[in-house]
């Protein structure tokens, strides 16, 4: 049975991208009004109401034992085909193709960094949470830190947080909230979604990827940070050093989706070799 994960707002609505720049890219940005935008707003309204310190803490416990399924990376890639992504309503091809498209875009630009190619294949695997009953607002969309006041570049910031109980709690409603200045993003509780799930899963299964890969996975949907320039008060020097890597990955995530489909079967042996190198065998999900 296919599960409708809906449009990923991170790919549909980007108010902080220069429209002229967007016009030179693929037509993924041709969603700016009408019912789709209404659905995106509703998704963010639900997300910004329910993503709290308590909610995120409970989700980390719920998924933290990684006892939902045992499977390989390639089996998880295949599961993406059970997700219906309405952000591409006119392009009827399996979601797994986007994983290979992203990976191949990175491979062409960075042929000497095989670990980076693998990140392209892996980056959306956390969306399988939708197959386990998670609502869209807890799977996709832009992420942000909980436990402190949302900053200006968070999408729909001024119109979607009114019902979030954390903002009525003095511990969580200031710019720093429950954090210390420059505490480092590794010490920050991020909103729950496919980024955070996969990051935690990779740590649990001891992927032998470099730290740049973990940053790309955990923060590729953290647009208020890597594109909006916010939340610098929480960053350590390491975070700032890693920021260009996340920004580099983001280019391929957004702009490699197109109807020219890769020959997945011919690519599979190469990527299986990378999996065997960095995250082999049956893993805990």
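Cβ atoms are placed via backbone N, Cα and C, with glycine included.
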Among 110, 117, 194, indicate the single residue that Swiss-Prot lists for the Fe cation 2 site containing 124, 220.
194
Of 230, 239, 241, 253, which does Swiss-Prot put in the Fe cation 1 site with 98, 123, 124?
253
From the centroid of the CB atoms of 98, 123, 124, 253, the recorded Fe cation 1 site, which same-chain residues not already listed sit within 8 A by their CB, in sequence order?
99, 102, 120, 220
Which same-chain residues, if any, lie at least 6 apart from residue 253 (Fe cation 1 binding site) yet have Cβ under 8 Å of it:
102, 120, 123, 220
Among 98, 124, 141, which are recorded as binding-site residues, the nearest neighbour of residue 194 (Fe cation 2 binding site) by Cα:
124
How many Å separate the Cα atoms of residue 124 (Fe cation 1 binding site) and residue 141 (substrate binding site)?
12
